[in-house]
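Everything on this sheet refers to the single structure shown next.
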Amino acid sequence: MEMNLLQKLCVVCSKCNEYAMELECLKYCDPNVLLAESTPFKRNAAAIVYLYRKIYPEVVAQNRTQSSLLTLYLEMLLKALHEDTALLDRALMAYSRQPDRAAFYRTVLRLDRCDRHHTVELQFTDNVRFSVSLATLNDIERFLCKMNYVYGILAPEAGLEVCAQLLELLRRLCGISPVARQEVYVEGTTCAQCYEELTIIPNQGRSLNKRLQGLLCNHIAVHRPSSQSDVNIQTVEQDLLDLTTRIPHLAGVLSALKSLFSSSSAYHSYIQEAEEALREYNLFTDIPERIYSLSDFTYWSRTSEVIVKRVGITIQQLNVYHQLCRALMNGISRHLYGEDVEDIFVLGEKALDGEERMFVGSVFAAPNRIIDLITSLSIQAFEDNPVFNKLHESNEMYTKIKHILEEIRRPLPDGTGGDGPEGEVIHLRGREAMSGTGTTLMTASNSSNSSTHSQRNNGGGGRARGGGKKAVGGGANGQDGDGSENGLRVRNCDEHEALDLVDARSRIHNVTREVNVRKRAYLQKVSEVGYGKVIRCIKTQERLTSKLIDVNLVGPLCLDFISKLMNGFLYRSQYHQDQDVVDVGNQFTYDEHLYVVNNLIHKSLPVESLPLLGQQIYELCNGPLFTHCTDRYPLSHNVDMAYACDNAGVLPHVKDDLVKCAEGTVYPSEWMVVKYMGFFNFSDCQDLNVLQKEMWMHVRELVLSVALYNETFGKQLSIACLRDELHPDRDVILTYNKEWPLLLRHEGSLYKSKDLYLLLYRHLSRPDESGDVPTAPVAKPSTLTAAAAVSGAFREPDRPWLPSPYPSSSTAGVSRRVRATRKRPRRASSLLDLARDEHGIQDLVPGSLR
């Protein structure tokens, strides 16, 4: 099956990406090795030159007609590959003449100049223009959102020029590598996609701006965790099978690499021991009470995530791994080229200190290893702090699981006695009671706990429960009643004897005891909260470190936004030079404009139609980036407009002005603000905010006037905008252009005008059989009525034209009287119905036109 053009472009793009990754790696290699192995590079360079000459001009032409994310990326990639290939070739030629590794790397990496800054000039009118400085991918994304907000007041030629500049800046920032450089993006700055993701999840009472703070963006630069090098060491061993037989010491280096990370840490090994103990029990086995408690505590230790898992890597292991890989590489290099490798990483190690080298990482170790090392060092720093140790020891889950495991390891002679898990826990609590906690409270707590477990478990633990209760000396069952009564009597006697020796007020309230209880409760609460905060801090910093150090690919968001904006500007300019578009300004004059306005100015819109018309105003005021109204499950137009305003950073009072404009009004005298032939002419505006409000009012007049026109004349005109492709089923099209802001599709023809009401007059009137377009005579309303009645120039759309049976002079001598109050059923309205004199008799209307 033959591939189509899109599939062929995808294949070309895939091969170019493959070569781009290889070329990016060659920039960091030893130039001596490159000169020795230059044949594949020259062959690929010749292929890139051919593709650049053959495909690049066609891709550029395609993007100036209709762009897509693929064609824009291919245009950017082909030009970058052509430039970088030529640059590397020149650097290799210069190195062959004068070997200087530092000069070679400065040339291929462009270290002597900085071209990653650009200033964009935006001109809206002769008096409104701005300069915006861009330096990162986040700046480009935010600037594109602002361009979307001012899409309607930006000329298409200026918009296309700005998009071309942004594409050039993207090429300079990203280069040929799919891996984003750390200096071209800011990980803590959110984007439009982050905003949209947060709008569809529960906010839990927090505002959107507050939730965006501290969020790591994964759309401008997409995080891709890299694989661990120790996992791939087997692949390396398979690749070096031929060299292992010829280089004896390689086998020892490979075996040392494989065994380096085999040892695992025993930190918190009781968790694994608990899981091993739980595997012996299932649904059909007797479950002792201690096993149920162990399962319960293990579950809570997992879900609450209060146990720190130590990362099994040390800085010594990483250093040894780096040295072993360096020895492996140099051994292969000496065998193949007769000298050690001296690439940019070897040169860089000499210029970095210990901490900088740790964050830069190793060329042999995956970034995940560096992240694990930093996390391990952070946890170790906390562990060295006595406060953290106290918090860790106060962890209730840790204590319970540890002592239950100790109880399981301890042999029981007959399954009874005080060595069960309850007895152990109560024994520990008894020791705590000696420092201020009452034994009575602990005994009551244990009896409640034991009764709860006895209700849940029916097998294997009854005797242990009974023995535990007897050991304590108090229980809930009748068997232990005597012991409980005796213990209570002894305690009461001791308390009475002790209270007789002190002040009588102590019988009412034991202040010292209450202080101790409250102090321990407060310390326990502080310990739990503090420990949780420490764990959350470590996890947050680990995510941030992963974003900083791990691999981040350039996301498609910026190119997607540029493609949508370019297509919008291209659609707006495609009818500029079309000779088939008729300008109605050459056919009609101010009289026709005034005719339509006078027939609409005294009418009013139904109040119930304003919400739907407001949605149409939002649709026409919005740009092409946020169009969720076309999704499978569409959102309303005001939601799209809210997304556009929030991502552009519009101030709240400006949003309020937009909402008031979109709410509309039913009276035409309040929305008819555009002068004759002045639609979308903002040359008098001196400020961007004023310019934007004027644009909103022009859009409001378009929507409400067309709606009133449909209501008055019985028409069904629909409105579209040139934000995407031209709608063949719409009648009035808003182009946002100053020269021809409005188009009318009518009877197979396309008309343009700078005045809305001339287009409405064009739609209302139709050419007669001779092909002459009628014009409204300059006369009084009564004369215009008579002329329209006689001439028959206007007719209803679905009724054939018939000559009038009445002579033209018959209307002159008819006396004026009040029209009868009887109303006819509304039919398709004609100009004659509107132009009829209010006080004229109904017999004036010819029968053929009634």
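Using the three backbone atoms N, Cα and C, a Cβ is placed for every residue, glycine included.
Pulled from Swiss-Prot:
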BINDING   Tyr709, Asn710, Glu711, Thr712, Phe713, Gly714, Lys715, Gln716  ATP binding site
COMPBIAS  816-827  compositional bias 'Basic residues'
REGION    438-488  region 'Disordered'
REGION    799-831  region 'Disordered'
MOTIF     822-827  motif 'Nuclear localization signal'
ZN_FING   191-219  zinc finger
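Known features from Swiss-Prot, placed on the structure.
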residue	record	Cβ contacts under 8 Å, 6 or more apart
Tyr709	ATP binding site	Val596, Leu600, Lys715, Leu717, Leu760
Asn710	ATP binding site	Gln716, Leu717
Glu711	ATP binding site	Lys603, Leu605, Pro606
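When the zinc finger (191-219) is classified with DSSP, helix, strand and coil residues number 13 helix, 0 strand, 16 coil.
Its Cβ placed at the centre, Lys715 (ATP binding site) has 17 other Cβ atoms within 10 Å.
Taken residue by residue with DSSP, Glu711 (ATP binding site) is part of a helix.
Other Cβ atoms within 10 Å of the Cβ of Thr712 (ATP binding site), summed over all protein chains shown, number 17. All protein chains included, Gln716 (ATP binding site) registers 7 other Cβ atoms within 10 Å of its own Cβ. For the binding-site residues listed here (Phe713, Gly714), the lowest count of other CB atoms within 10 A around the CB belongs to Gly714.
When pLDDT values are averaged over the zinc finger (191-219), the model yields 88.
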